[in-house]
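Database features (TrEMBL):
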- 25-48: transmembrane segment (TRANSMEM)
- 41-290: domain 'G-protein coupled receptors family 1 profile' (DOMAIN)
- 60-78: transmembrane segment (TRANSMEM)
- 98-120: transmembrane segment (TRANSMEM)
- 140-163: transmembrane segment (TRANSMEM)
- 209-229: transmembrane segment (TRANSMEM)
- 241-261: transmembrane segment (TRANSMEM)
- 273-292: transmembrane segment (TRANSMEM)
Amino acid sequence: MDGGNHTRITSVLLLGFEMLHRFKIPFFLLIIILHCLTVTGNTLIVALVSSSPSLNRPMFFFLSHLSVSDFILTTNIVPNMLYGILQGEITMSFPACIIQFQFFSTVIASECLLLAVMSYDRYMAICKPLRYTAIMHNKLYLRLVVFSWILGFITTLAVVIMLSSLEFCGPNVIDHFFCDFAPVLQLSCSDTSALSLGQMLLSAPMTSLPFLLIIVTYMCIFIAILRIPSTSGRQKAFSTCSSHLAVVGAFYGSLISLYVVPSSGNSVLTKKVLSLLYTVFTPLFNPIIYSLRNKEIKLAFEKWLNTF
């Protein structure tokens with residue numbers, strides 16, 4: 001289509017959850033409570049790991065960066081979503097929409113890699129304890145975290161640059177609660193087939209390969225758990241690992257179904273619900289499942305409370 005016959009859009013209108021207008025107050029209260037809990041939980045984890053010498057270990061370093069990514073993700077998406085729930089719609093400038101997508105996609109890509117790094121760390125600690133300290137030294141775990149953030153930024157920046165180079169002629173209405181790739185792409189009057197294919201080719205390894213690594217490492221961990229002589233010890237370890245896998249499965253499953261598997265058959269409501277999983281619920285459950293159930297985190301928190 002010839003973009004010269006159209007006016008380039010300068011703003012977008014996000015419809016959010018207009019189908020829930022009759023329940024907007026209860027839905028608003030639910031989301032704002034979850035958001036406050038998410039921000040508090042993730043901020044607490046970062047503060048405890050930063051200030052407690054007892055938590056100066058690779059596992060907690062990874063957890064603090066997971067909390068940073070969850071904090072950025074939820075604060076990038078949820079405040080606008082809350083405004084949209086009350087007002088019925090959200091108006092954003094088009095550059096602000098692209099910036100939101102850049103922050104969102106960078107954090108999601110980095111978190112995919114961070115979760116894989118964390119599973120490898122747990123595998124080494126449980127299955128190779130004698131080699132753990134020698135392998136997971138300061139330089140390595142710092143490099144792994146830096147690598148996760150940089151690779152997440154670079155891969156998503158390439159998509160954002162290609163997306164920004166398209167012609168956007170309208171209509172400027174997005175039936176979603178934030179500026180995600182597919183809804184924004186639908187506003188373009190350019191040929192988007194190459195970018196759609198490129199995005200899928202980038203998303204597939206960024207989601208599927210880390211998820212596969214996590215599954216393999218946890219299978220090895222489960223085998224190691226079976227060798228624990230104590231029944232109560234096995235049950236506790238299985239409970240912890242199962243809760244980790246449940247959260248990870250929901251996170252990667254929703255991402256793969258939206259960005260890797262062709263989703264033209266999914267309804268708009270289904271896409272919004274899947275998006276809620278990794279923008280609202282995963283950032284809430286990550287600090288609970290990975291950190292706040294941990295004994296050392298609890299002890300550090302108790303010491304911190306005793307300082308007041």
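Cβ coordinates come from backbone N, Cα and C, glycine included.
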Count, for each of 25-48, 60-78, 98-120, 140-163, 273-292, the Cβ pairs lying under 8 Å from the transmembrane segment (241-261), and report the range with the highest count.
273-292
With Cβ-Cβ distances below 8 Å as the criterion, list the same-chain residues six or more beyond the ends of the transmembrane segment (25-48) that contact it, or say none.
17, 55, 63-64, 67-68, 70-71, 74-75, 78-79, 81-82, 85-86, 280-281, 283-284, 286-288, 291-292, 297, 300-301, 304
Taking 60-78, 98-120, 140-163, 209-229 as candidates, which has the most Cβ pairs under 8 Å with the transmembrane segment (273-292)?
60-78
For the domain 'G-protein coupled receptors family 1 profile' (41-290), what's the model's average pLDDT?
89
Tertiary contacts of the transmembrane segment (140-163) (same chain, 6+ residues out, Cβ under 8 Å):
58, 61-62, 65, 98, 101-102, 105-114, 117, 121, 181, 184-185, 195, 198-199, 202, 206
Who are the chain neighbours of the transmembrane segment (60-78) in space, where the CB to CB distance is under 8 Å and they lie at least 6 residues beyond its ends?
31, 35, 38-39, 41-43, 45-46, 49-50, 100, 103-104, 107-108, 110-111, 114-115, 117-118, 121, 141-142, 144-145, 148-149, 177-178, 278-280, 282-283, 286-287, 290-291, 296-297
